[in-house]
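Copied over from TrEMBL, here are the features:
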TRANSMEM  7-25  transmembrane segment
DOMAIN    11-298  domain 'Sugar phosphate transporter'
TRANSMEM  37-62  transmembrane segment
TRANSMEM  74-93  transmembrane segment
TRANSMEM  99-126  transmembrane segment
TRANSMEM  133-150  transmembrane segment
TRANSMEM  156-180  transmembrane segment
TRANSMEM  192-211  transmembrane segment
TRANSMEM  223-246  transmembrane segment
TRANSMEM  253-275  transmembrane segment
TRANSMEM  281-300  transmembrane segment
């Protein structure tokens, strides 16, 4: 029992460490003059290609992990492709934002994610508007606005990129919920990466040809440090695996709570690691309000999931009698 608890906490710490480290790693690769790789689209494309190849090797060549069955052409076309496209959009725009705004401010803007998910969920018929949820959404929005007001060197271009990434992630989560609820297909992260990564790579490859390929050739960026970029891609893949380990040993809510802890770790550490990060009291006050709203949102979602499971169990018990 004690060993299992220690192992669970180890997985959670691994996720927090990898997630925080990946954010700092991406920022360093994109903005460091030593690496000379200010190409967020190219970096994201590299991540997806690396993930696609590694997933194929692990599942089909060495067969260490198994891809879940049940995927059809119709499901792939109507669900996986939109998920892959939105995932590509999220990573591309989110990484691009690091060229214009600090890591800490980017994390603060990400706190508005539940608001975007809820609004799109209501539009898709997956969520129901309520006074309590409206209050929580207003609380999160107010906190993010206060945090933005406290930002000293704000770049609106960076804000637009980051908010675009937030919308992309919200759409991805909505498509994921549709995949599970309406299509009835549940995939573990490895299976999801196996199907989604190639689609995301194709979605990124097309704009990369028009937007970054010529710039990379003109600046001779093909002479990049392969070891650094390989390690960066490997960290991205390891992060996705750590999500699988945490969820399999705990629950989806645990990954949300760990994500909130990770956000605070990133915000505070970025002030120490990067010169472009200058936190103010207004920053932290606003972010604290937003995080409290996110915690309330997660708690409300947990209660809804628990009540739905209890209803399903009671219906199952009645059908057996």
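Any Cβ shown, glycine's included, is placed from N, Cα and C.
Model, not experiment: these values are computed from the prediction.
On the 0 to 100 pLDDT scale, the domain 'Sugar phosphate transporter' (11-298) averages 87 in this prediction. Counted over residue pairs separated by six or more positions, the transmembrane segment (156-180) shares at least 3 Cβ pairs under 8 angstroms with the transmembrane segment (99-126), which defines the two as touching. The transmembrane segment (7-25) is in contact with the transmembrane segment (253-275), judged by 3+ CB-CB distances under 8 Å for residue pairs 6 or more apart in sequence. Same-chain residues lying 6+ beyond the ends of the transmembrane segment (133-150) with a Cβ under 8 Å from its Cβ atoms: 105, 108-109, 111-112, 114-115, 118-119, 127, 159, 280-294, 296-297, 300. With a threshold of 8 Å between CB atoms, the same-chain residues lying at least 6 positions outside the transmembrane segment (74-93) that come near it are 40-41, 44, 47-48, 161-162, 164-165, 168-169, 171-172, 175-176, 178-179, 183, 185, 195-204, 207. The stretches the transmembrane segment (192-211) and the transmembrane segment (37-62) meet in space: the count of Cβ pairs below 8 angstroms, excluding pairs fewer than 6 apart in sequence, reaches at least three. Within its own chain, the transmembrane segment (99-126) is flanked in space by residues 23-24, 27, 30-31, 38, 40, 133, 136-137, 140-141, 143-144, 147-148, 151, 153-155, 157-159, 161-163, 166-167, 169-171, 173-174, 177-178, 181, 263, 266-267, 270-271, 274, 276-279, 283, 286-287, 290-291, 293-294, 297, which lie at least six positions past its ends and keep a Cβ under 8 Å from the stretch. Beyond the ends of the transmembrane segment (281-300), by six or more residues, the same chain brings 104-105, 108, 111-114, 118, 132-133, 136-137, 139-140, 142-151, 253, 256-257, 260, 263-264, 267 to within a C-beta distance below 8 angstroms of the stretch.
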